[in-house]
């Protein structure tokens, strides 16, 4: 087994390597003067079980091309098996046709990665479960719930006062999984999105009076939906609102918006390498998924069950 990494999330790759007690493989991933990507594998991988860790986060297209070119390089170097470890799968929000004459970009990206020559994919908290079926190769979708639940139990001494909240109807299954882990009740924020990047919180389904509410979702981007949901919960009598979000995209002015919000804390994972602004924010905290990713890689390499991680 050998672990390699692109440029998207070197910090996470190093943490995963420490968990596995192996070094990150030697490879050059750089750009020519015209910004074309060049990859050179600097050690023998013939017959090896190769894992490439690369989130397709901002800049999404650059990191996606890096991944596919790395896959091609390993395929042409006679690696026995190539697994793409994609903690954050970009384009996942384009999983269906939202209107006429639009693409299903998540399916296209899955096709591109597959055709590049990868044998298996490991990813985390896909935005839509059906994306797992967009790949025509074995694909394991990991869940951040165990990591988040462990953090909740360490932070809150009175679990009986916790209520897990889904920020929209579509995230109920995800929120229910966390609620089950921490033995908490479930509430839902019903919202209506008027235009991309904006949302209007309409109603809270469930009695949150006096509760420590935990908003749980897969992606925080602009932060508008999250802040509006937090405001709605506080207006309904919640004692506090903390958000647990797997993928901290945090584009544009999101960090400033979160910092100035009424959220007690935003907890994200390192599926996307956090910027310095994120690390400096007073109410944003990062928890690591390195052990989860590392264990999934270890089990994949030894042909053990990955799904049992979430039993």
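Any Cβ shown, glycine's included, is placed from N, Cα and C.
Predicted, not measured: the structure shown is a model, and the values here were computed from it.
So that you can see what the record holds, here are the features copied from TrEMBL:
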type	residues	note
ACT_SITE	191	active site
BINDING	34, 35, 36, 93, 94	ATP binding site
BINDING	127, 168	Mg(2+) binding site
BINDING	193, 217, 221, 222, 223, 224, 225	D-ribose 5-phosphate binding site
DOMAIN	1-117	domain 'Ribose-phosphate pyrophosphokinase N-terminal'
Helix, strand and coil counts within the domain 'Ribose-phosphate pyrophosphokinase N-terminal' (1-117) (DSSP): 40 helix, 26 strand, 51 coil
Fewest other C-beta atoms within 10 angstroms, as judged across 217, 221, which are the binding-site residues: 221
Structural state of residue 225 (D-ribose 5-phosphate binding site), classified by DSSP into three states: helix
Using Cα positions only, nearest of the binding-site residues to residue 224 (D-ribose 5-phosphate binding site) (34, 93, 94, 168): 168
Cα-Cα distance, maximum over 34, 35, 36, 93, 94, record's ATP binders, Å: 30
Distance from residue 127 (Mg(2+) binding site) back to residue 34 (ATP binding site), taken between C-alpha atoms, in Å: 34
Cβ-based isolation winner (fewest other Cβ atoms within 10 Å) among the binding-site residues 35, 94, 222, 225: 35
Residue 93 (ATP binding site) and the residue listed as 'active site', distance between Cα atoms, whole Å: 18
Mapped DSSP class for residue 127 (Mg(2+) binding site), helix or strand or coil: coil
CB within-chain contacts under 8 A for residue 36 (ATP binding site), separation at least 6: none
Sequence-distant neighbours of residue 127 (Mg(2+) binding site) in its chain (C-beta under 8 A, six or more apart): 89, 92, 93, 95, 218, 219
Sparsest-packed among the binding-site residues, when each Cβ's other Cβ atoms within 10 Å are tallied, from 34, 168: 34
Structural state of residue 168 (Mg(2+) binding site), classified by DSSP into three states: coil
Which same-chain residues, if any, lie at least 6 apart from residue 223 (D-ribose 5-phosphate binding site) yet have Cβ under 8 Å of it: 250, 254, 255, 257, 258, 261
